[in-house]
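One structure, pasted below without further comment.
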Amino acid sequence: MYCVHCGKPAAEGEHLPCRGGRAALEPPRFCADCGRRMVVQVTPVGWSARCSRHGELTSAGASRLTD
Amino acid sequence: MTAAAERTHDAETAPQDAPADVLAVAREQVLERGVGLSEEQVLAVLHLGDDRLDDLLALAHEVRMKWCGPEVEVEGIVSLKTGGCPEDCHFCSQSGRFPSPVRSAWLDIPGLVEAARQTAATGATEFCIVAAVRGPDARLLSQVREGIKAIRESGNDIQIACSLGMLTQEQVDELVGMGVHRYNHNLETARSHFPEVVTTHSWEERWDTLRMVREAGMEVCSGGILGMGETVEQRAEFAVQLAELDPHEVPMNFLIPQPGTPYEQYEPISGREALRLVAAFRLALPRTMLRFAGGRELTLGDLGAEKGMLGGVNAIIVGNYLTNLGRPAQQDLDMLTDLKMPIKALSDTL
């Protein structure tokens, strides 16, 4: 698993900046499955984040939709 | 005498021997006569101690109520074109020059229509379409044109604003023709600090776009970001430069340090300083719409946002921002209800 805020392995390091107040205002930027940078679209009430390998994650479902 | 000339005149004729209390001066000058504070006076306000903050906020609220009224304008924004910007605005995660995690993205027309619908559903009367660009090219303007057409065809009559960077006169005229009623282009910071923040274009280029926008009959929206390493003197300078621009609206952002940008390690400004700035800007701009924009969640939190609404602010962006998330729109709408501040109706803006 990878950190969705910095893209590094979630189990390595402290990820302090990834758990602060600023991170709470960020949609996921990296794929939790592979750590790739995702294409993210923020909308007035939500967001969507697409990994080229693992499909799209949305705030509405907060679950992964496969291509 | 113009407001700017009157402001200068008041500053020059103030007694020099015994410095008057700046809030007493502001009460007479700004509240009673509607003349914004001078740079020197704004600086004095920004130097007030924390023990005067409540008095300052109360006066700013009185000024807002007298010269703007109780209504609050609610706006939603969306990024039509995200990331990959050629400019080097040091605060921005969308610059292609920094190793930011933000990747380029385009919102399609159905997505834009849906974003406008979501915004209107909150009760907002304003929807701003934003693109991370130096200025719009033909493709972007075409997308904006088609998007506005589709929003109207969906039956949504929300007011549409745009923020597409620096414009040529032809582009200004084209946006007017599309029915864009307001244009946002932030001056971002004081003129003296701008070269520290952006090197790929100048403050004067931004000013030129704003001048064309005004002359074309669109409403001018221009504010900036506080907490980008500017001095307190430069904050006062910025407030007065905005007053000289005399925009319809000033959005006030507080820096959210973005990963990968040169300002990544900057500390957000304190809540008290943010509130002092909100009130000081209101006293410099008594008749201007002052909007809470990005960064208030991090800087002020829930209680601070309420204090700001009672300290001079009379407009807010609800929901999410361009690349950052905001608090749920309903939370802001509930706050306005609790504060007994009516949301400006669409009929009032048409």
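The backbone N, Cα and C atoms fix where each Cβ goes, and this holds for glycine too.
Positions annotated as domain 'Radical SAM core' by TrEMBL: B:70-296. Taken from TrEMBL, the feature [4Fe-4S] cluster binding site applies to B:CYS85, B:CYS89, B:CYS92. For B:CYS128, B:CYS221, B:ARG291, the entry in TrEMBL reads [2Fe-2S] cluster binding site.
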What does the structure give for the C-alpha distance between B:CYS89 ([4Fe-4S] cluster binding site) and B:CYS128 ([2Fe-2S] cluster binding site)? Integer Å is fine.
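Approximately 20 Å lies between the Cα of B:CYS89 ([4Fe-4S] cluster binding site) and that of B:CYS128 ([2Fe-2S] cluster binding site).
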Give me the CA-CA distance between B:CYS221 ([2Fe-2S] cluster binding site) and B:CYS85 ([4Fe-4S] cluster binding site), in Å, as a whole number.
21
So how many other Cβ atoms are close to B:CYS128 ([2Fe-2S] cluster binding site), meaning within 10 Å of its Cβ?
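Summing over all protein chains shown, B:CYS128 ([2Fe-2S] cluster binding site) has 25 other Cβ atoms within 10 Å.
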Could you give the mean pLDDT over the domain 'Radical SAM core' (B:70-296), rounded to a whole number?
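Taking every residue in the domain 'Radical SAM core' (B:70-296) and averaging pLDDT yields 97.
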What is the Cβ neighbour count of B:CYS85 ([4Fe-4S] cluster binding site) at a 10 Å cut-off, with all protein chains included?
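That number is 23.
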Count the other Cβ atoms sitting within 10 Å of the Cβ of B:CYS89 ([4Fe-4S] cluster binding site), across every protein chain shown.
25
When you measure from the Cβ of B:CYS92 ([4Fe-4S] cluster binding site), which residues in the chain that are at least 6 apart have a Cβ under 8 Å away?
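In sequence order, B:CYS85, B:PHE98, B:ALA132, B:GLN258, B:THR261 meet the Cβ cut-off.
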Validating a neighbour-count step here. Other CB atoms within 10 A of the CB of B:CYS221 ([2Fe-2S] cluster binding site): how many?
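If we count other Cβ atoms within 10 Å of B:CYS221 ([2Fe-2S] cluster binding site), we arrive at 26.
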Going along the chain, which residues six or more apart from B:ARG291 ([2Fe-2S] cluster binding site) have their CB under 8 A from its CB?
B:GLU73, B:GLU75, B:GLY223, B:GLU249, B:VAL250, B:PRO251, B:MET252, B:VAL313, B:ASN314, B:ALA315, B:ILE316, B:ILE317
Taking the center of the Cβ atoms of B:CYS85, B:CYS89, B:CYS92 at the recorded [4Fe-4S] cluster site, which other residues in this chain have a Cβ no more than 8 Å from that point?
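Here the non-site neighbours turn out to be B:GLU87, B:ASP88, B:PHE91, B:SER93, B:GLN94, B:SER95, B:ALA132, B:VAL198.
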